[in-house]
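What follows is a set of notes on a single structure, which appears directly below.
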Amino acid sequence: MSEMTPREIVSELDKHIIGQDAAKRSVAIALRNRWRRMQLNEELRHEVTPKNILMIGPTGVGKTEIARRLAKLANAPFIKVEATKFTEVGYVGKEVDSIIRDLTDSAIKMVRMQSIEKNRYRAEEMAEERILDVLIPPAKNNWGQPEQQQEPSAARQAFRKKLREGELDDKEIEINLAAAPMGVEIMAPPGMEEMTSQLQSMFQNLGGQKQKPRKLKIKDAMKLLVEEEAAKLVNPEELKEQAIEAVEQHGIVFIDEIDKICKRGNVSGPDVSREGVQRDLLPLVEGCTVSTKHGMVKTDHILFIASGAFQVASPSDLIPELQGRLPIRVELQALTAEDFERILTEPNASVTVQYKALMETEGVHIEFTDDGIKRIAQAAWQVNETTENIGARRLHTVLERLMEDISYDASDLGGQTITIDADYVSKHLDALVADEDLSRFIL
């Protein structure tokens, strides 16, 4: 679990997301409250439930990007799902309980990686011994079993020194490695994914753990042996317990496009992919127990963050019970031309930085001037105003159009420097931006 303070979390989000300070503050406080709760005594800790968040804002302003960055910062089980993929229980499609199952699977992977990393030093020693056994086979007794020696031989110590110094990295050896489990692909109808994964696990375990001889360079064999030995040191039962504990105490679920499951006014009959999904989400958000293949998982202290554009529907169109379980509302603002300028220059991996790096691979150096950046931002904002407002995603469309000729001819332009200024942008984009019909279909 992350121990970052809210200020540190916001500072980290600022490196990738421009504006939207209220949303950043809310998720930062929610993340910090996870840590604060764990510092309480057990009796009070059980009573403190997470304050779920509803993020409201037009498309392309940073809702999903906040979720992506939060997943990296949280250091906790995290899953992002689309609300539109689920249907009410009993109908064809995924049921909402699969959210918790997927969250538990991601926790198992996360805890396994942490456990492997914790045991890496010991695993490296064991892998080293296995390689030395191949290079200098131990002496055997009359029954064909390796003799137990009090101290390693001088030759073994000499090879160990060479191995650690990398002198033997390119030497090829034949070594027995665990064979890949038998692959079984089972196609199941929607909603039956849990049964499918259990059947696959059963078939994979039928053959037992087999070993297969492989010829590899020592440096490649060492990597595989370390992974294999580290996996042996992981206790599967402890792994499940720790993963379930991590999900129950620190799990975060991000539900995107929640506005798409709001009930439409004049719809009659069963609304299985809208209001039905909301009703199924209620017990998860309120707190219930979900059965997974790893064990029972309680959702009482899982943090839920929902987001939606709410351009057609409004938050009040959600069923009242679900509204009550999303007490913190955060409104994200539409982006201005000034925001677009900052998006093009400030983030660590801004779109302009990406295009520069891509062209550098062909030996072409791209320079964006300040007035060029400003003109690109104005063009994107203008198209958003005159057609559909898709937020910062419009920058990708505009830049792709702007860079099309350079990208096409890059292999013939090696060693050249191309400056993208206001005149260059105007020459390539003004006609498209001015014509609303063209910009609607091209930009």
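Backbone N, Cα and C atoms are what each Cβ position is placed from, and that goes for glycine too.
Listed features, source Swiss-Prot:
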type	residues	note
BINDING	I18, G60, V61, G62, K63, T64, E65, D256, E321, R393	ATP binding site
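Binding residues for ATP (I18, G60, V61, G62, K63, T64, E65, D256, E321, R393) extend across at most 34 Å, taking the greatest CA-CA distance. Under DSSP, E65 (ATP binding site) is assigned to a helix (H, G or I) in the three-state scheme. Between the listed binding-site residues, namely I18, V61, K63, E65, E321, the fewest other CB atoms within 10 angstroms of a CB are found at E321. When secondary structure is read from DSSP and collapsed to three states, I18 (ATP binding site) falls in the coil class.
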